[in-house]
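Feature annotations, courtesy of Swiss-Prot:
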REGION    16-175  region 'Disordered'
COMPBIAS  58-83  compositional bias 'Polar residues'
COMPBIAS  99-119  compositional bias 'Polar residues'
COMPBIAS  135-165  compositional bias 'Low complexity'
DOMAIN    173-249  domain 'RRM'
SITE      ARG174  site 'Interaction with RNA'
SITE      PHE182  site 'Interaction with RNA'
SITE      ARG183  site 'Interaction with RNA'
SITE      ASN207  site 'Interaction with RNA'
SITE      LYS212  site 'Interaction with RNA'
SITE      PHE216  site 'Interaction with RNA'
SITE      ARG240  site 'Interaction with RNA'
SITE      ARG250  site 'Interaction with RNA'
Amino acid sequence: MADAVMSDAHLLGFNTRGTKRESDQQLHLGSSGASGAGVKRQRVEPEQQEPGNPMSMPVSQAYQGFAPLNSQGNQEPTATPDTMVQPFAAIPFPPPPQNGLSTDYGSQHTQDYATQSTEHGIPLYGGGQSLAEHSAPATSTANASSTTDGSQTEGQQSQSQNNENSETKASPKRLHVSNIPFRFRDPDLRQMFGQFGKILDVEIIFNERGSKGFGFVTFETSADADRAREKLHSTVVEGRKIEVNNATARVMTNKKSVTPYGNGWKLSPVVGAVYGPELYAVPGFPYPTAAAAATTAAAFRGAHLRGRGRTVYGAVRAVPPTAIPTYPGVLYQDGFYGTELYGGYAAYRYAQPATAATAATAAAAAAAAYSDGYGRVYTADPYHTLAPATSYGVGAVASLYRGGYSRFAPY
């Protein structure tokens, strides 16, 4: 009987190792010390005789999925391939954190291992094609993410450029308008430029004689300022072609202090000669000699010196100097102090008329003695109330405007 079972097993393709394993298993369950071959024959024969025994079905047959040979009284359902033990499936791990970004923007987690389907047989791992299939989506995902990042960067750059352009257009802009009619005032300039946009400020530059013929107009936006400049530049207004340009910031440069005097003095020659004659001695200046100075000082000793700074004037200053035209040219750098202004006055001071009265002559001598030689007389001078000489003319007035300081100047 056992030989028949073994022959049937060989015909059906059974592996005899399962039978041996099953007999070994049966051996451990409590059989006495019998040989392996005898136990195998002893256990196969009772299995066919006892169909109701739950241990009658061989383990190898149930594991391989085949029905037992003698299943006459077996009440258990036949095992199918669907009820086989499934191999280990990869657990889907959660995706890594994306630094606060939602999962929509993060790269999707791809399954690292392929699950074995029941249709395939023994192989638990996929071939090279499956690996390529899984690596291709990862590569495409990386390319897609890099493309998305590049597009986002380009979008941010374009948006920042648009913001800069809008800020530039929205910033105020100042225009310089020149050659405007002299009768124009701020309302006239505002009316002329107001048609192009909102104006923040209008300013026409004036001096003590009136309008200087140019001004500034500040628009709220640079776009309006550019449009006004294009429309109004080189247009003729009341016979004058006005010019409209972009106003530039005034550059404040630190100019080197160049002394206006040729001899390198730090102070004006007039101031230096008055308050410190011994410090500012000019070559060629007609100072008296020491003996003449001593004689003059002795003659004027005890006399009451009137005027400012009596302690400043020494024996040298007590002697009346010669006429101003004989002074060296280095002393006067401008017409304001030159003979253009004081030449006539000095001429009539030192050229007294011969027919003058004795009192007038004495007064003139006293005036010459007590004056400082620069037109300032500190005593009663009968000629002091006379009008200036004819040499005080247009040239002197022009030099006053050019060289002097005017409080009406806008700069």
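For all residues, glycine too, the Cβ spot is worked out from N, Cα and C.
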Task: Largest tally of Cβ atoms lying within 10 Å of a Cβ, found at which of the recorded sites PHE182, PHE216 - done: PHE216
- [ ] May I have the DSSP-based helix, strand and coil counts for the residues of the domain 'RRM' (173-249)?
- [x] 22 helix, 33 strand, 22 coil
Open item on the list: I'd like the number of other C-beta atoms within 10 A of the C-beta of ASN207 (site 'Interaction with RNA'), please.
Closed with: 12
Open item on the list: Among all protein chains shown, how many Cβ atoms are found within 10 Å of the Cβ of LYS212 (site 'Interaction with RNA'), not counting that one?
Closed with: 14
Open item on the list: Tell me which of the recorded sites ARG174, ARG183 sits in the most Cβ-dense spot, judged by other Cβ atoms within 10 Å.
Closed with: ARG174
TODO: Can you grab the distance from ARG183 (site 'Interaction with RNA') over to LYS212 (site 'Interaction with RNA')? Cα atoms, rounded to a whole Å.
DONE: 10
Task: recorded sites near PHE216 (site 'Interaction with RNA') (Cα-Cα within 10 Å), from ARG174, PHE182, ARG240 - done: ARG174
TODO: Tell me the Cβ neighbour count for ARG240 (site 'Interaction with RNA'), meaning other Cβ atoms within 10 Å of its Cβ, over all protein chains shown.
DONE: 15
- [ ] Filter the recorded sites ARG174, PHE182, ARG240 down to the ones within 10 angstroms of LYS212 (site 'Interaction with RNA'), Cα to Cα, kept in sequence order.
- [x] PHE182
Task: Within the predicted model, mean pLDDT of the domain 'RRM' (173-249) - done: 93
TODO: Compare the C-alpha of ASN207 (site 'Interaction with RNA') with the C-alpha of each of the recorded sites ARG174, PHE182, ARG240, and give the closest one.
DONE: PHE182
